[in-house]
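Novice: TrEMBL lists 72-261 with the feature domain 'ABC transmembrane type-1'. Residues or ranges marked as transmembrane segment by TrEMBL: 12-33, 76-97, 109-131, 143-161, 182-207, 240-261.
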Amino acid sequence: MKRSAGHRLFNGLSTLLLIGSTLFFIFPFYWIVTGAFKIQTVATQIPPEWFPIKPTLQNWSDLFKNPVWRWTFNSFFIALMEMIAVCLVSASAGYVLAKKRFPGRAMIFTLFIAAMALPKQVILVPLFTMLTDFGWVNTYRGLILPAIGWPFGVFLMKQFAQTIPGELIEAAKIDGCSEVRLFSTIIIPLLKPALGALAIFTFIASWNDYFSQLIMTRSTPMMTLPLGIATMQGEFTTNYGIMMAGAALASVPMIAIFLTFQKAFTQGITMGAVKG
């Protein structure tokens, strides 16, 4: 009986902890969404108004007076291209590092590990100089191509590719399967859970990127949504209602991409935990 009572107490406390953690992480999003429908004075008043008593669409009207759709397209296009390119390059490199034997393989993988510890801000100045010489500043190429070689993606794919049985690859080669067909029809499907996780990580990282895109863009039409929202902050005053509306809009694609790849993401995390 004591063990049963203790078990129920533990389950109850665990449930309360999970509920509290869920509310803690959901509340900022709730506050952003409700704040997007409040007038400026209500959005910043103390004590706060927990729910908009008199909701207004003025913030959304003011928001769309700016080229928001252009900024949203830029963010989505850049994030989508980066996601596709990173997944393809990382899967290829990870497979080669995991299953191919060639001189310097261990050293190359060590360099990838070392690059993971290098802050992105460290390489922005030389990267900006190089892109300026290429004439790629303030272009889609300059925003997308530098992000393709993500060391974490290669590391993740290599770890998963190591779990693929070598006998399966050898059997495919004996049956006359070419390297391209082997990679596209056998390796890629087996890496799908890891690719789902990597796709979510890449899309969210690109969508939320602010600093590097601030450095690489020079004109309003090339701005991404985070940069565009930041320009709505005045020098002396800030309309928090408009910024909350922009933040709510910016969160929609991230939720959509997570729901799209949720199953593969969960499988990837679970497989990684079991194999690790």
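Just so you know, the numbers here start at 1 and follow the chain as drawn.
From the backbone N, Cα and C atoms, a Cβ is placed for every residue, glycine too.
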Novice: Mind pulling out the one from 76-97, 182-207, 240-261 with the most Cβ pairs under 8 angstroms to the transmembrane segment (143-161)?
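Specialist: Most Cβ pairs under 8 Å with the transmembrane segment (143-161) come from 76-97.
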Novice: Can you see whether the transmembrane segment (240-261) and the transmembrane segment (12-33) are touching - at least 3 CB pairs under 8 angstroms, only pairs 6 or more apart in sequence?
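Specialist: Output yes: the transmembrane segment (240-261) sits against the transmembrane segment (12-33).
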Novice: Taking a Cβ cut-off under 8 Å, which residues six or more beyond the ends of the transmembrane segment (12-33) line up next to it in the same chain?
Specialist: 244, 247-248, 251
Novice: Grab the same-chain neighbours of the transmembrane segment (76-97) for me: Cβ-Cβ under 8 Å, and only residues 6 or more beyond its ends, written as numbers and ranges.
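Specialist: For the transmembrane segment (76-97), the list is 105, 108-109, 112, 140, 143-144, 147-150, 153-161, 183, 187-188, 191, 195, 198-199, 202-203, 206-207, 213, 224, 253.
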